[in-house]
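As given in TrEMBL:
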type	residues	note
COMPBIAS	22-35	compositional bias 'Gly residues'
COMPBIAS	43-53	compositional bias 'Polar residues'
COMPBIAS	98-116	compositional bias 'Gly residues'
COMPBIAS	129-150	compositional bias 'Gly residues'
COMPBIAS	183-201	compositional bias 'Gly residues'
COMPBIAS	231-246	compositional bias 'Gly residues'
DOMAIN	830-938	domain 'PH'
REGION	12-53	region 'Disordered'
REGION	94-156	region 'Disordered'
REGION	180-201	region 'Disordered'
REGION	215-257	region 'Disordered'
Amino acid sequence: MSYLEYINDGVRGSDGISGNHGDSGSGYGGSGSHGSHGLPGQRGTNAGTINTSIFSDPHGNIVLQSNFGANEFSGGFQKTDAMTMGNPSNYLVLSAHGGDGGRGGDGGRGGDGAQGYPGRDATRYSAGSDGGPGGDGGDGGDGGDGGSSGSGANINVACREGDMDLLMILKQKIGDTLAGTPGSPGIGGRGGSGGSGGYGGSSYSWTEERYYTDSEGNRCSTTESFSNPGGYNGPSGSSGGSGKTGHSGNSGRDGNFSISVQMDAGNVIHYSSPYDLSVEKIEYNDTVGYEVIEPGSEVNLLVTHKNVGGMPTPSKQNIYAYIDDNKWVICPVANRVPLKKYLAAGSKTELSRPILFQIQNYRQVYPLPREAFTAPGTMEHQALVERVGQTFARVHKSAHSFVVEYPVQASIIKGLDSIVLGDESPILYSVWNKSKLSIGLDSTNGPSRVLFTTIRVSPNAQGGTLRLTPQDFILRDQNGRIYDNPEVGLHANVPNVPGGGLNFFTNTFQFTGTGLKPYTRVLLESTLFLGHIKDMANAQAIQSRPFEVQLSEGYNNSHQADLLLVTNNQTEFAEVNAWRQLASDLGLKVAVWNVNLYKDFNLAHKKMDGLSLLDEFVGKTIVFLNNTFVRDERRYDSIIFTRTLELFSAAKFRGIHTLIYGNRGFDIDNELIPAVSNDKIVSASYFKSIEEYTRACKRRILQGPGSALPLPATSTPTFSAVVIMDKKQRYIGIHSTIHTMCIYSHHHDVYPSETIYLDHFSISDLTEDTFHLNLTKLDKKFHFKKVTDKKVLEKVTTLEARLNCSTDLQVLKERLRGLDSPAINSVGNDTVKEGLLDMRKGDRGSSSYVKRFIVFNAADRTISKVDVNGKDVQQAKTKKIYSLNRFSITIGNHFGSETSKDVSTTFQIVTPDKIIYLRAKSTEQRDEWIASVSTLPTVEVTNVYRDPSMQLKLSASHTNLSPDRTKTPLPSANAMTEYYPINIIPINERFIFTKPKPKDLEEKAIKLSKKLRNRFPNQRNVIVYDARPNKIDKFAMYYMGTLEVHRSLDTTTSHIIQVKIDQDAAIHDPSSVLSYPTVYNMLKTLDFAHKLKSLDDKGFRTNLLVKKDLYLDTYDLCSLTLLSIISDIAEEQYHFRESKWRDKFSSEKIYSFLRTLQLIKNYKFAPQSSTGIETPLADVIIEIGLHLSIMKSCYTTLADKILPNRRGKAVNQASNKLWWEIVMIHICGFDVEKAEKTSKVDAVMKKAVKERMAAKLAAWEAYAVAAQPAHVHGYRFDEKKKVVKNKEAVIEWYRKPHFSNSIVDSMATPELVLTKEKFQQKTVAPRPNQVEESRSTFNNDSERKDFINKMLMDKLGAKSELLESQKLQVQELSNIQPSAQLFPRDLPPLNW
């Protein structure tokens, strides 16, 4: 028997009986009786003693003779048992635990009182009586006391000194001699509830009829009402008191555990617990002294143990220390080490000699690991007591980890992973000795051990040419010496690398084969060999490092490419050729930028020729191949080369569209949040209120450089002052960098009362304390006077130092005179033009024009108007001057002009403060004025309903557009400045009964976002709210915080498209590149005008397009181009119809801003052989009209048809007008001006067009309803076999055809309302420009060596003073010995 339990515990006492509940009161008002008390719990009984004697017998048994003492339930008895000696499972459990006390009984609940007697009801003759009192509740009974626990008994284990090892069967534990747990007390019973009072008697009412004689002698009667009151309800009885909780029982006495050892000397020693061991400390090292544990090595282990038990360890038997065998550890029995015998309690002992264990031998097999080999090992400690065969659990828990590794390792190969023909790529890596001893055949402080490294070039290439010859490349050493047989490989012996030291392998690789295809990738592989720890002259391969070198093509844009293809070091030759073929099919020329060749991708980088990619690809397209590239043996998404908002900025400011070909690592929603970093130019403009901001959006150009910017008084000015200005005390802030003076009533104001742009001004000194500030070009002046109020002067001294505030007028004048002239004034232009024009009164309300004398002065950047009388004589006193520091020119109907009258002669000059509406007598006079004013650089092209970069895209893509007569702003005279305008609106609001919460400001942000989407359907604006509630010194007025408006990319055209391809193999597959989904996505990426050019060039000018019933039933190039055009029209229609209501957005204005239809209308397609409906152009135009008609039918609801002021109706009217103008121009042969003036289409032509459209509709429905996958176009048969359409699915397919498998930015749904904190979290610190254009072509050997040395120090941590001594001597393998001897089984043959 290996498991014994000796139990002599006491018995638990029984629980007390709970008391009875009291009875409820009887009759009326009777009291409840008391609950009875709970009875006490019974006492637990005492445990009996255990005396066990343990000894060994001659037969190899452990004998246990025990005496069990009597207890209250049984008499004492004796018992003898035996266990087999040496069984590690032997276990003796001892227990003399006292019995637990019983729980006390709970008290009974008191009885409830009875209800009081009811009162007597009222009668006609007496009032009702009150109800009687309720009976009292009875008290609850007390809880009984808990029973006391029984006492624990003594346990004694006796043995002789020679049998002390037998105590291990206790498993280092002591017997249980504790007293039992005392019984818990009973809970007192709850008192009974008092009875409710008796109900009062009911009231009584009656009527009596009384007769009387009126004034005329008539006998009359009247009815009178009487009542007697009822009684009140009686009082409730009192609730009974709760009983007391009993007392816990008393605890018995604990017994004692003891061990008695009869020593050989005859004395007996008593102990309170057995011996036990723990591991206190270990020290280990390999037997050679490397201080690295490698496969096959031997390790010395020293262990310090401590006796944490209560008695000495055995004096006769040994305790052996060792570690268990496991995956990495082998510890032979012979290597176990005995501990010191009879180790006293609390003492420590160190092993007399180390434990010697071995590490499992391990040989690397091909493919070798890239990273240095490491494996986790564990030392699982044991301490075994001989004879009894038991170990200590505490020792075994003390496991220690170590690492199995080799003492040397090779680094990653550093070099140039992409080079052009003629470049050399350094091939560099280090050999690091991580041990404490030197290693090598010539080791100075360690055993002689072979260590060398090789590098081989694989003949099997990828990406382009698939098989190399030895003539296709050259290997050189650092001094330029060319190796004769590079295909054999190179070898470098490591004779003596010191402990912790480095040696470096150096050579260069160069492509020489002129027949090699670009994008060929060659694999070079290093191998590190080390002598085995047990046979140090026998080398084995332990590590390999791969490195690929790609033959790239350099960037060349001498042919003025239209498309930039961004490649990487995994791009393949056939893949690039497929993109070139696709571009050629679209009439595009391609330039290539390899991100690995040039180390980075930065569109803003100024190349050696002084141009950036932004400059060269204005209005053009980028295709970014987003597969994974390789760097330092790891793969990364190529998109990491782009900077945050780089593609956003390219689209917004340069009209560059991007196709990202691959699904990894790019978040298009995040790219649309313009959270710019501090390296960008940001222009912050403040608006007094939401209303002022939306008014500025509708009827102004927004503030920015060149205009006075209203800033809050809390901003930090260059200088500030408190003065009397035009007889009023004002706080003024001067911001010299933006040439603005802001004027405030108080230095806490969040918005200035007035702003002044400080360009042309002078100062007139009046007295020491007064002067005039003259705005010379605007003919205005302001009077300044010094503040003399002492309280104000004292307060100024308390303002924050950052405000730099003063009341000294002399200092103010010096600051003003020291301002530099704004750069915008340096125009070098003295043009003056004057003459009579019609000018509209004001810029809102009246639409009538009156004659004015207009003067434009380019030198002053002003335009002025003077009233004239009936004889055209100027009225000098009516002169008014307007600044043109920041302006834009628009022509035709624009900014609030809803009429089509005089479109050809009207134009507007738009500033942040005003719109100047002008009308000429003829288009020639209008053009003369526009030409003169346009000699000034307009600060920005302004059109809130078009992409800001639209004009750049038009000028870059083609010249086939007729003059735009649709209110397009003229191109700016200077390049578009890349700055990010932020429009900031401080919010003040009155809160009388509450205080503002962040949620209140969020609601305003959401409301503003919706308002902007409705009014400007093309825009995507991000609203950022910054809640900072603060009380203002006005009644119940609070400053809530600010709203910021950040304009993102517009929604009505696509700018960035990401094709969702996950696998690199598919990205590199030429057939995937040339597939119709990719062709469509490429077309979708192009600007709309370029789509028209592609359709024209590939369809009409090559006669590939012929008249047919349907074009969209195939996926050829022309059909896909037509589909991309229709998709853009659908996108624009979708966003212009998002708002259900017109919102002062008339059909005339929508007509002006439907860009896609306007561009079709104005495009000059290839001349047709004839006019009329039979030409291919007419057929395509009609098919576009068919799908536009389907869109309108899907969008138009019953509400649009019957309700006024619906946006959908207005868009339909504008679209219809444009469509029929397109028909008149491209089918009937009208010019644009004639088409715009013709109100009706010829009836015969109109009928023919409608008939042709009906035929196409029938063909389209038949195709769409049968197309697969089913219902993909939104069409199906109903139960009557009639074609019906799902309107939402139809529109969805137009916007994003089912096969496109892409994400389009115009359909993306980024978060448009964010907190300031969340917005700032999206800001990413700018990444430094790392583009390197210089090539690694060396004019001499010294240049090569310097280049290699710099890379060694930059990339591999080499020290300049040790560099030459650490370089290895590299030889060809053929020069040392047959290579087969080096690679017996570690590496496969190369097979050149």
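Each Cβ is built from the backbone N, Cα and C atoms, and glycine gets one as well.
Tertiary proximity for the compositional bias 'Polar residues' (43-53) is limited to same-chain residues at least six positions away from its ends with a CB under 8 Å from its CB atoms, namely 6, 8-13, 64-74, 76, 92, 94, 96-102, 147-159, 175, 177, 180, 183, 249, 252, 255. Through the fold, the compositional bias 'Gly residues' (183-201) approaches residues 13, 15-16, 18-19, 21-22, 24-25, 28-30, 32, 35, 38, 41-42, 44, 100-122, 128-149, 230-249 of its own chain, all at least 6 residues removed from its boundaries and within a Cβ separation under 8 Å. Same-chain residues lying 6+ beyond the ends of the compositional bias 'Gly residues' (129-150) with a Cβ under 8 Å from its Cβ atoms: 10-11, 13-14, 16-17, 19-20, 22-23, 25, 28-47, 98-120, 179-201, 231-252. If one looks beyond the region 'Disordered' (215-257) by at least 6 residues along the same chain, the residues whose Cβ comes under 8 Å of a Cβ in the stretch are 10, 19, 22, 25, 29, 31-32, 34-35, 37-38, 40-41, 43-44, 46-47, 49, 94, 96, 98, 101-102, 104, 107-108, 110-111, 113, 116-117, 119-156, 174-175, 177-209, 272-273. Across the domain 'PH' (830-938), the prediction's mean pLDDT works out to 80.
Counted with DSSP, the region 'Disordered' (180-201) comes out as 0 helix, 0 strand, 22 coil. Here the domain 'PH' (830-938) has, by DSSP, the following mix of helix, strand and coil residues: 17 helix, 44 strand, 48 coil.
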